[in-house]
Amino acid sequence: MSQLRTTKAGLVACGMICAFIFLYLRNPGPEEAEAEAEAEPTNPAVVECGFYPDELCSALFDGKKAAPQIAQFCKPPQNSEVPARLRTPGNCSRLARGLHFITRPLSAEEGNFSLAYVIHAPRELVMFVRLLRAIYAPQNVYCIHSDENAPKKFKSAMQTFVDCFGNIFLSSKTQKVAHDNLRRLQAEIDCMRDLVHSPFQWHYVMNLCGQEFPIKTNKEIIYDIRTRWKGKNITPGVTPPANSKPKTGQGPPKPSPDENSYTAPNTIFKQSPPHNLTISSGSAHYALTRKFVEFVLTDPRAKDMLQWSKDIQSPEKHYWVTLNRLKDAPGATPDAGWEGHIRATKWRTEAGDGRKGCTDHDAQDTCVYGLGDLPGLIRLPAFFATLEPSSDPLVGVCLERRHRLRALQQAEVPPEPHWQFPQQSHFNSQPHH
């Protein structure tokens, strides 16, 4: 009898421990939360990862303090779904279904408001396809430009992919893209020309690189553009004060992490700006109306400024915001500042208390988003966030699954089976030492 009581006590204790672990991620109380903050990651022989990744992603988005620690151990084998699909012979319909592309407009509003995208494809094909899968809609149109020196294998895979979609095409011109060089700006303008000549009647165009990922759904982006901007361009930036207008030998104003602020010039003008333009400075990211794009492609001031921009640093950070300050430009916002949240940016100076999760810094002094950033990231008003290659892969996985879930929840049409991502999987993981 004594042995039986001991066994029962052991079973009860085991059950309590299991229940505690189950609730540890989901809803810790104040005492548990305090203990989590002080706890150090352990290295058990085997980690119970549960239904991966949805349970863990949910805990990360909810800000459970134990979740990033558990994520250190729960890393399944690298997903090779995208390259496998591109290598497998088959028709394009099978490719779209296999990669879970949404193939119908999800609402009448979206179907009647086409967006265009100019996308710089990185050399990481999987990251690019995941971005395109998230922002893809059959009523939208996508122009892809890549470095002309990209590997032939990458170019071939890219061509195979875009050939399966009538609304995705490669730019008619290629550039040797460098970060601080006119070639990036020229590549985007080349794509815009292709988009204007395409049969798609798009309303706005936005630019992305393959390392970015949407925080907002297509429906949410359209709602913000239509209700807040109402035919205006979005070019966040700043114009120098009237008493500090740059002259020859001076540079344009430098964007500052502190919105609506102006800092000293950082570039030297070899020549005065054409047409006596006042050079503004801001984000290289934009949302532009079709009429404004047509203006950029034909107006002498825009053409002359493009030629003049060859001699300045990071011209893409000055070109769009300067032209959008011209009062006679279609959709212009002459008095705008940093309004318009296109890309989320966390500056290194902001990575203090309450801004945890900054795991690295890129060359532009901005933080790379980590697992600890997810709760705050999804609450930002920005449309997109940059996911550097050094980011934890789970950051992109969680954002992708959340984005697809929200898109289908907002849909006004019944979802097709292939729009859903594969069911969750349950596995144990050997810790990574």
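Cβ atoms here come from the backbone N, Cα and C positions, even for glycine.
Model, not experiment: these values are computed from the prediction.
Screening ASN91, ASN112 against Swiss-Prot annotations picks out ASN112 (annotated as N-linked glycosylation site). For the recorded site, CYS398 (disulfide bond), the DSSP three-state label reads helix. If you measure from the Cα atom of CYS398 (disulfide bond) to that of CYS57 (disulfide bond), you get 5 Å.
Considering only the recorded positions CYS57, ASN112, CYS143, the residues lying within 10 A of CYS191 (disulfide bond) on a C-alpha to C-alpha basis are CYS143.
Of all the recorded positions listed here (CYS57, ASN112, CYS209, CYS367), CYS209 has the Cα closest to the Cα of CYS143 (disulfide bond). Confidence in the topological domain 'Extracellular' (26-433), given as mean pLDDT, stands at 82. Over all protein chains present, the Cβ of CYS164 (disulfide bond) has 17 other Cβ atoms lying within 10 Å. The two recorded residues, CYS57 (disulfide bond) and CYS367 (disulfide bond), have Cα atoms 21 Å apart.
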